[in-house]
Amino acid sequence: MGDGEMECFGPAAVYLRKTERERIEAQNTPFDAKTAFFVVDPDEMYLKGTLVSKEGGKATVKTHSGKTVTVKEDEIFPMNPPKFDKIEDMAMMTHLNEPAVLFNLKERYAAWMIYTYSGLFCVTVNPYKWLPVYDAVVVGGYRGKKRIEAPPHIFSISDNAYQFMLTDRENQSVLITGESGAGKTVNTKRVIQYFATVGAMSGPKKPEPVPGKMQGSLEDQIVAANPLLEAYGNAKTVRNDNSSRFGKFIRIHFGTTGKLASADIETYLLEKSRVTFQLSAERSYHIFYQLMTGHKPELLEALLITTNPYDYPMISQGEITVKSINDVEEFIATDTAIDILGFTADEKISIYKLTGAVMHHGNMKFKQKQREEQAEPDGTEVADKIAYLMGLNSADMLKALCFPRVKVGNEMVTKGQTVPQVNNAVSALSKSVYEKMFLWMVIRINEMLDTKQPRQFFIGVLDIAGFEIFDFNSLEQLCINFTNEKLQQFFNHHMFVLEQEEYKKEGIEWEFIDFGMDLAACIELIEKPMGIFSILEEECMFPKATDTSFKNKLHDQHLGKTAAFQKPKPAKGKAEAHFSLVHYAGTVDYNIVGWLDKNKDPLNDSVVQLYQKSSLKVLAFLYATHGAEAEGGGGKKGKKKGGSFQTVSALFRENLGKLMTNLRSTHPHFVRCLIPNESKTPGLMENYLVIHQLRCNGVLEGIRICRKGFPSRILYGDFKQRYKVLNASVIPEGQFIDNKKASEKLLGSIDVDHTQYKFGHTKVFFKAGLLGALEEMRDEKLALLVTMTQALCRGYVMRKEFVKMMERRESIYSIQYNIRSFMNVKHWPWMKLYFKIKPLLKSAETEKEMAAMKENYEKMKEDLTKALAKKKELEEKMVSLLQEKNDLQLQVTAESENLSDAEERCEGLIKSKIQLEAKLKETNERLEDEEEINAELTAKKRKLEDECSELKKDIDDLELTLAKVEKEKHATENKVKNLTEEMASQDESIAKLTKEKKALQEAHQQTLDDLQAEEDKVNTLTKAKTKLEQQVDDLEGSLEQEKKLRMDLERAKRKLEGDLKLAQESIMDLENEKQQSDEKIKKKDFEISQLLSKIEDEQSLGAQLQKKIKELQARIEELEEEIEAERAARAKVEKQRADLSRELEEISERLEEAGGATAAQIEMNKKREAEFQKMRRDLEESTLQHEATAAALRKEQADSVAELGEQIDNLQRVKQKLEKEKSEYKMEIDDLTSNMEAVAKAKANLEKMCRTLEDQLSEIKTKSDENVRQLNDMNAQRARLQTENGEFSRQLEEKEALVSQLTRGKQAYTQQIEELKRHIEEEVKAKNALAHAVQSARHDCDLLREQYEEEQEAKAELQRGMSKANSEVAQWRTKYETDAIQRTEELEEAKKKLAQRLQDAEESIEAVNSKCASLEKTKQRLQGEVEDLMIDVERANSLAANLDKKQRNFDKVLAEWKQKYEESQAELEGAQKEARSLSTELFKMKNSYEEALDHLETLKRENKNLQQEISDLTEQLGETGKSIHELEKAKKTVESEKSEIQTALEEAEGTLEHEESKILRVQLELNQVKSEIDRKLAEKDEEMEQIKRNSQRVIDSMQSTLDSEVRSRNDALRVKKKMEGDLNEMEIQLSHANRQAAEAQKQLRNVQGQLKDAQLHLDEAVRGQEDMKEQVAMVERRNSLMQAEIEELRAALEQTERGRKVAEQELVDASERVGLLHSQNTSLINTKKKLEADLVQVQGEVDDAVQEARNAEEKAKKAITDAAMMAEELKKEQDTSAHLERMKKNLEVTVKDLQHRLDEAESLAMKGGKKQLQKLESRVRELEAEVEAEQRRGADAVKGVRKYERRVKELTYQTEEDKKNVIRLQDLVDKLQLKVKVYKRQAEEAEEQTNTHLSRYRKVQHELEEAQERADVAESQVNKLRAKSRDAGKSKDEE
């Protein structure tokens, strides 16, 4: 395409292709192919350079920047010639390598040519700027052009897909992949834009809009779907401001003519986690920030949101604005798109509400309840907003979040949630709502885009994330990478299929390679059974599965077994990885943390159930199918694993499978998007980043595949034309030669590798690089040719110039000669005459020419006029022809349209014809059936008449019964009137209750359901009527009778409908009556709750009030239990409704609700009553309507009865139905009567209960009045005791809490003691049973001895039989010798054979004798070993039973041999049996399967040797082979059992690890409890300080009362003595406890001895193994409880220690204040009181600790005993195994001897005939069966040994733990004793200080008395002086 052709692209041309001048300049650039190379560089990855030298595998290159580097030869890559610079298809390059691809993309990107082809790929680089390459001009430029005709562009890919679809009639797909920010979404938009434009152009004008369907054209809708999907599916990421966080597959459907028909969208892998979490440089989905722009203020109010994103933490964790995005404009586009796509106004506001609710979810807060782990809401404001937006009840939602109901077994249980669990549930719900809403919007968009226009083909556009390799790769990355792996496999397969199809078409020999299989290992590792996804889904099924167990399963299954699965190498600074996968793009390390939770994606089912009942229709629709999916997994998906739910991975695989199926059914086109740099800088390309993407997105993979084949190809003509210069002599001149032959000759004559090219039918194919070499050779040849041509041309030019010079010289010579001659003759006279005549001759000729020209002119003028006239005529004809042509074109277009319409109509007619034919056939068949039935029914007509009369009688009975029901209804109506009057008096209390509205709505809904049921009945009758009208021809003879019957039945129906109405009214009355009674109960309950609140407020006043309140609470609980009992009774009544018929089901439900109305149906008021009346009126109106409908039906029936002649069959069915209805009505009436009676009884019971409740409430009122009076009395006491009670009440609570804890501990220990006693009793019973078993075993041993003696006797008989056999052998020998003399020469050979056999028999008999002797020794040795084995009673027991069976078989065999066979053969048979039984014992003990196989192979070889001598043994060998096969099967079975045992052992180890993790969790909880106790103790210390300050104030106020201090001193002395006495008692108790512990140890030792005896019975121990496991678990639980109680005791001790320190501090303060005696004495008294309380507490703690120590010692000793017994058993098993090993070695020798004897015996036995051989074979099979049984028993024994070994290890570990616990308890007791001693010493010191203070006190008191005496003396003196002064004054006055 030249520059002129590129002008059609307008301004975009310069961004699409280089100009011709640039291309020519590039080709003329100097280039040396031998030295131009790319070189590896650590900074830039690759650099251009010039090769300097190559030596020893090293290459020296000088880069263009002047730097010289030396690298390995494989680190340099050849450059392509300049003609390939900026090449549009990189697959055409000569040298296909990474740097060539990189620099080609880089140079094109620098010129802003962002699109480049790479084989089948179109690679696009993000320009980060706007380029004018998407205008309408560009769309038109690409339309209809082939790929090679236009520059690379996304429009070219789109147009090719469109044209392929039209020409090939095949669906197409465009696969667009790349990393985030690479431009996938933009290119997807451009593809859709192109299809929308082209599809709209190819069709006629826009169709008429369908009313109510959509707004805007289909093209507008397809384009408008993007803004909505982007708002809800796009977000800002680190690399991209508008990153699609989901994959999508958009199908654009076209009609047959290429017209755009419809579209639909499928989405994949929406990133839900972004809703609740964003990185710092990212933000959540655009819609959240668009809503908060404030563009629509009414939305802010409707959604209860603000314009500040930081008010919503869930969406403001990262950035909140994006520079490149205007949220206001985007919001306008989103809102407009919703309207264009046809969403209704309700749906639109629902979408916004749910979006706002998701934002509010992040503001919900929860806190932990005090002293509990249970979460509770921290405020309900946010919950109220969410509930409003989602159409829920906020209280129900919070309850469901904090207390969800879960299914445990078959019951629903309420479960408490912690704060983290609730927060996780809230996050999961918000993500689920957002995801479901997004998927619903996609479905709605698809519905709107489905225009119902005819569509034939589609083009799919896949926009999905590319391969991802991050530092932290999780499940999402695995899904994305797996998707890309599948897509790359699809591409590889498709690409090389196309390549190889071309090879096949061109006839090139090529072995097919499926490059899709290159990725099979990784794909199968992920998706096949026992792959990663399979194991992940399997782990999700197990409730106790963890990430660790998942990792272990992965490693066990694949590590070391699958090459693609590797163990990651730990790297510094990177996240931990658990496994690595080898993908086509590289090895990726995956972290599996949280995969199980992500895969299960759990939701709070309680909240989901609320969603399903939401008043917001969209939300209810989103979760409508959630319950069904959770319960059954869907009907169609029942085959899936688990069945109960569908995991994320399973759903992902299902969607991926559908996607791949879609893609495989299409012709794909591939687009790969690249990010040039991380900084979003236009024009900059980072080499490392681009190469990484090229590897990830498969471009380099495609190049790799290209290099496998022949990527370069040229047509033969082009090749011949271009490369003919290489050897022109091969192609002869002047004669025709085929281009292919010429190319073959040309290539054959050139010095190149002839394996690097192939010849096709039309092209020659080259391997990568060969074409470049040919180009180099051509350049060199052209250089030589040009040089030669230049030389030839120069020579030719010079020769031509020389010739011209010579000719010029000759001309000059000739001119000079002529001029000289003229000068000589010009003056001659004749010459002058010639000069005069010459002009005259010329003028005459001119006149003649002029005359001729005039004639020509006239002639031409006439021709011109004729031509003009003819031209005019032709023009007129042309105009008319053009007009006709246009008319014909219009007719052709109209005819083509008519033809297409006719074809469509023809197709429709054909389809309708087929359907009508099928219907006709069905109708004919049905007509035949109806005729047969009619013939039968004419005979049954008379029976119908009789039955109709019976029906009339039954209807009369029904009328009587209904009359009774109507009377009862009037009675209930009167009751209702009375009850409604009582309801009016209680309106005020009823007004407070708001829940009645919901109940009323439910009742209304039920009434509507009743109405619907009646309408269904009417519909049923209508259908029956239509059937009757269709079947009317055969009933004309019985018209009147059938008419009367129908009228009677209709009357009965009307009566029944009236009864139904009456029954419904009676139900309503009963409901009102019940509600009134329940209302009273509710009122009383409300009063009770008020009383309870008052009583709880006054609980702190004293123990008496608390007791009374507890009594009231107990009474209330009794009342609640009675209410619950009443509810249970009502539930029982409800169950009785299940037996009613289907048509009266609604009536029975109402009756049951009357018997079981819930508490929500209590309060009724006048408004509700009015609604009830309205409902009744509606019901009456509906009944009237039904009656009118029924009357209309009857009228229609009466009109159509005249035509009912031929339909006797239908009447028969009607009769049967009526009979059924009659029986049902009878049953219903009986049930109604019984239900009415039951309701009446229930009503009477309820009234009685109400009266009793009222009496009880009146009693409670009186009691509450008394309580109030007592409270008033106590208020006065409270004022006096406020200060003391405030302090001591807290202490009392603490002590009570401590006492309750100690009491619980004591109860727990008591239960443990009882359990231990019970276990001891069980062990004693087991011991007795074992003793009995020992006795029976001894008895069996005696029997075995007797059997052994009998066996010795049998052995002697065998020896006698053997001697007899020897004599018989001698006789046979002599007999054969004599016969040999008499026989002829023909039998000579047979005689020799028999003699040889006799000799062999003698040798075998001798060997048998020696083996018998050795067997006897073996038996003696085995007897000694049997006596040794008698120690193990259990093994001896089983062995005795086995030997008993074998002995009986042995006796039978002996008897048969005595009767039928020679005694020598009997001896051999017995030896054989005994040898085989010994070998089975050996197999049993050692599980030696391999030796058994060797043994059988030896048998097979020896039998083959015998076959050479005796041909009759062939059958026996076959049987032996079969037995070997069976034994091999047995071996495989045992090996499978072994693997099962191994898996069981691994599961047990996993369980042990799980239990250890539980112990760690318990210890962590204990630490938390300990910290909590420390905190509480700190609070108690503060309270102690407060008490101390209060005591100080009291002391200051009592300084004046010295006498009371004396009394207090005496009290202190008494307290001291009491404390000393208590301490002595505690010491005595401690010594008693120690003695009791010693006694318990003795008892434990006795029990240990008993248990040792009991453990001798092995079978009993095996049966008790499970019990022991349970005991271990119980011991562990008890240990955990003990540890918790020990921590509590420690906390209490620490508290006591703090109290002691406080006391010491107070004593120091007292010593400092020597002058304040009263305060010091008082503090000492307080300290003594506190110490006394502490001592009492310590005494209780010591008792508990001692008890704990006893229990722990008992457990430890029991565990030690168990461990010792298990160790002893293990040792015995080991001894037994060693003993059996020795037996095995001895028996191996014996087995070999016996085997030899067996072979010889078999050879002898063959002489006895085939009959004997068959018996031997049957015996062999029996023995082989015994071998298998013994092998199974051996395997069981090995299992038992392993179990006991594990048990010994567990008990040893438990023993060590118990020992540690005992040591800790002993240390605790010692510490307590030390503390008691310290307290004693402190008391003595306090006593000494008290004495010192008393002495000082006495001294001061004595000084005070002296001062008082001095004061008295002074006072007396003063009085005297006053008296004197008064006397003196009086004397003065008198004077």
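Residue numbering: from 1, along the chain as shown.
Each Cβ is built from the backbone N, Cα and C atoms, and glycine gets one as well.
Swiss-Prot assigns the feature region 'Actin-binding' to one of the listed ranges (296-310, 761-775, 776-790), namely 761-775. Among the residue ranges 969-988, 1209-1228, 1349-1368, 1589-1608, the one that Swiss-Prot annotates as region 'Disordered' is 1589-1608. Of all the binding-site residues listed (Gly178, Gly181, Gly183), Gly181 has the fewest other CB atoms within 10 A of its CB. The residues near the ATP site, meaning same-chain residues not in Gly178, Glu179, Ser180, Gly181, Ala182, Gly183, Lys184, Thr185 whose C-beta sits within 8 angstroms of the mean position of the site's C-beta atoms, are Asn126, Arg239, Asn240, Ser243, Ser244, Ala465, Gly466, Cys673, Ile675, in sequence order. Of the recorded residues, Glu179 (ATP binding site) and Lys129 (N6,N6,N6-trimethyllysine) place their C-alpha atoms 18 Å from one another. Averaged over the region 'Actin-binding' (659-681), the predicted model reaches a pLDDT of 89. Secondary structure at Lys184 (ATP binding site), as computed by DSSP, is helix. With respect to Cβ neighbours within 10 Å, the recorded positions Lys129, Lys184 differ, and Lys129 shows the lowest count. In this view, Glu179 (ATP binding site) is surrounded by 24 other Cβ atoms within 10 Å of its Cβ, with every protein chain counted. Shown are the binding-site residues Ser180, Thr185; the one with the most C-beta atoms within 10 angstroms of its own C-beta is Thr185. Look at the domain 'IQ' (782-811): DSSP puts its residues at 30 helix, 0 strand, 0 coil. Across the structure, Gly183 (ATP binding site) and Lys129 (N6,N6,N6-trimethyllysine) place their CA atoms 11 angstrom apart. The Cβ of Ala182 (ATP binding site) lies under 8 Å from the Cβ of Asn126, Asn240, Gly466, Cys673, Leu674, Ile675, Gln693, each on the same chain and at least six residues away in sequence. Cα of Lys184 (ATP binding site) to Cα of Lys129 (N6,N6,N6-trimethyllysine): a span of 15 Å. Under DSSP, Gly178 (ATP binding site) is assigned to a strand (E or B) in the three-state scheme.
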